[in-house]
Amino acid sequence: MTTLQETIVPSKRVRRITVLISGSGSNLQALLDSASTPSLPNAAITYVISSRSAAYGLTRAKNSVPAIPTSVCALKTFLNRNQGAGREDYDCEVARQVLDSKPDLVVLAGWMHILSDRFLDILNGEKQPPQPPALPPPRPSSLPTQTEPIPSASTSSSTSTSVPKEAQGHEGNTKSLPEPPTTQTFPIPIINLHPALPGAFDGANAIGRAFEAFQTGGIQHTGVMVHRVVAEVDRGEPLVVRNVEIKKEDKLEDLENRIHEIEHQIIVEGAKLVLEELDKEA
Ligand SMILES: Nc1nc2c(c(=O)[nH]1)N[C@@H](CN(C=O)c1ccc(C(=O)N[C@@H](CCC(=O)O)C(=O)O)cc1)CN2
Ligand SMILES: NCC(=O)N[C@@H]1O[C@H](COP(=O)([O-])[O-])[C@@H](O)[C@H]1O
């Protein structure tokens with residue numbers, strides 16, 4: 001006879017998702033709205049990194065309940081504050097902040113920078129993350145905020161980077177985010193949302209290029225996908241792919257809106273797929 005103990009399913013650790021953004025964050029919002037629902041079960045968005053301080057996605061994260069810790073790592077600011085540093089150093093700093101957030105999954109949701117091999121090597125566990133850059137000279141009259149260097153914490157030059165305690169699921173906080181695991185598992189999977197079909201319009205401005213191609217008779221429809229992130233931009237294994245109709249009467253905005261609607265569905269589906277894989281491997 002099965003005892004009660006045998007029928008109790010050990011509760012699975014809530015999976016932690018770090019989201020990288022550069023813009024309005026509507027796809028981040030789709031993930032926030034779906035986390036811990038049947039669409040994206042047993043998951044929480046636990047950290048958001050933006051490449052732009054003006055990204056509205058940062059506001060979405062801070063308005064979430066519980067509020068989600070964020071940091072800004074802007075390329076130009078980083079290079080200005082770290083004389084002699086290059087693009088790869090920037091990528092290493094972003095990777096360091098990602099590791100600091102202790103994710104199970106990283107989602108690029110409109111992240112507008114190509115990630116170098118160094119970033120991928122760090123996320124694969126093949127290379128160590130760098131030490132935080134030296135603190136920039138203190139700014140007169142500015143108090144440290146969540147996105148500015150906090151003197152006592154390890155920080156990057158452009159933003160604060162240590163994941164605040166409330167983000168680490170510490171006991172006692174009734175609305176805390178899920179606890180990070182005691183050890184980080186590698187490789188950390190990274191997925192990207194791309195508004196085009198596999199191999200069609202890699203890179204930036206994919207929707208605009210598809211719209212132009214339709215108008216010149218080059219394509220009959222376009223699409224959207226969520227794919228794994230590899231060194232070659234937008235050429236990682238597709239995980240979710242949807243065709244998107246382009247109508248003769250469409251303006252660019254009509255196509256963008258049609259695509260965004262589907263993006264908000266498939267970014268959740270893609271995240272769910274990868275988390276299910278992690279649970280199978282666990
Ligand atoms: N190594 C990888 N990095 C990234 C991937 C990827 O698959 N592998 N996906 C992209 C996302 N993306 C399209 O989906 C994308 C975004 C931006 C660019 C780009 O050319 N960026 C320019 C700068 C643009 C700007 O700052 O306005 C650049 O990085 O120099 C290409 C593809 C994310 N990264
Ligand atoms: N090459 C990557 C790329 O073009 N990503 C695009 O950035 C937008 C982010 O919107 P959001 O900030 O509202 O989520 C989305 O439309 C996404 O397809």
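Just so you know, glycine gets a Cβ as well, placed from its N, Cα and C.
Looking at the coiled coil (245-272) alone, the prediction's average pLDDT is 98. For 245-272, the entry in TrEMBL reads coiled coil.
The compositional bias 'Pro residues' feature in TrEMBL is assigned to 129-141.
Feature annotation from TrEMBL assigns compositional bias 'Low complexity' to 152-162.
DSSP assignment over the domain 'Formyl transferase N-terminal' (16-124) gives 45 helix, 23 strand, 41 coil. The feature domain 'Formyl transferase N-terminal' is assigned by TrEMBL to 16-124 (among others).
The feature domain 'Formyl transferase N-terminal' is assigned by TrEMBL to 182-269 (among others).
The region 'Disordered' feature in TrEMBL is assigned to 124-189.
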